[in-house]
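Record features (TrEMBL):
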DOMAIN    167-251  domain 'Cyclin-like'
DOMAIN    260-376  domain 'Cyclin C-terminal'
DOMAIN    264-345  domain 'Cyclin-like'
REGION    1-47  region 'Disordered'
REGION    63-82  region 'Disordered'
Amino acid sequence: MPFTRGKKPALPAGSKIPKLNATTSENQDEGPQVKRSSSPPHGAPKKRTAFIDITNAHKVQISLPGRKKEAGKKQVKKTSAPSVSAKNNANLTKFVVSSSLLTFSSFLQIPEEFDIDSENSEDCYMCPEYAKEIFDYLKQREEKFVLCNYMPQQPSLNPEMRAILIDWLVEVQENFELYHETLYLAVKMADHYLSKTPVHRELLQLVGSTAMLIASKFEERSPPCVDDFLYICDDAYKREEIISMEASILQALSFDINIPIPYRFLRRYAKCVNAGMDTLTLARYYCEMSLMEMELVSERGSLLASACLLMALVTKDLGGWRPILQFHSGYQTSDLAPVVRKLYEMLLAPPDDKLRAVRSKYSHKVFFEVASLPLVNVDILDNALSQ
């Protein structure tokens, strides 16, 4: 492909493509991330505050001729109604009480030993009263985005080409310092598009880079622009081709691109067992390696995330699939066993020299060098899967 493998190109002065920084906060607690100030550009006019009177009408007193105030007219004192402030306070009190009751009733539906959200009851951004319902909904949506092995319908492609594309997308994600959600969503969109539309091998990189562009617009606060993707593709395509491919992908997916991805489920399930960042990063390494496996394309994201977390827990000797994980994921150990064995075989295979991005990425100390950890003994793994 035009983008040199194994070696990142030197970035010219003024390029908008950032470099991977070893001091990145990737492994800090995941929360709202700010990339760019929301203040207006230098020299731009300051926006007016909403809901103010921008006219001078309140300063003008209109005096009509022939109309004089009647001297000595008694003014009737109006009965003072309850102040607006008092009404607002009363409404606010009712809202707080009703919200507290709603939150309390929602938490009552979850057994206390399985409750992982009440600790965030004061954080409105975490939506603790709806968290489990949200992930149950995402799990239901997975049924709408089921994939199968589409390679027989792609005469110009093969699984190795797809793996090379995704390996390259991992490098793109590193260069742009994009969220991991962006990478996973781009892979999902590319797979769904390829399952519906035959693509020549020369356009495969165009599909991948355009899927990453769309995913960036969906996930990122400050997404890279089209010119950035033209540069990262070494100008192999024109601007019009990327824009045309963007429309083609969106139409093929009926503009429904909120596809459930394994990464979201993985973070949720890791929270259930208070997994440390080293354990979560190990599970993320397994999950990211699975993106390149055509055999795992058909697996649900929630199931794949569960299998990766179980592999990490067993590798770290932190136990097996606990009841709290069964409650929140809906999966038993028997449901995960086939996927876990596929993951184990994938990791046991000799590394491919053409697919270095993920292993190199997770060999860095920022990611706890989890790629260099030895695989768990197969007997220990089988014992965990038999429980």
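Each residue, glycine too, has its Cβ placed from N, Cα and C.
All annotation found in TrEMBL is predicted automatically rather than curated by experts.
Keep in mind that what you see is a predicted model, and the values were worked out from it rather than measured.
Helix first, then strand, then coil: DSSP counts for the domain 'Cyclin-like' (264-345) stand at 61 helix, 0 strand, 21 coil. In the domain 'Cyclin-like' (167-251), helix, strand and coil residues by DSSP number 66 helix, 0 strand, 19 coil.
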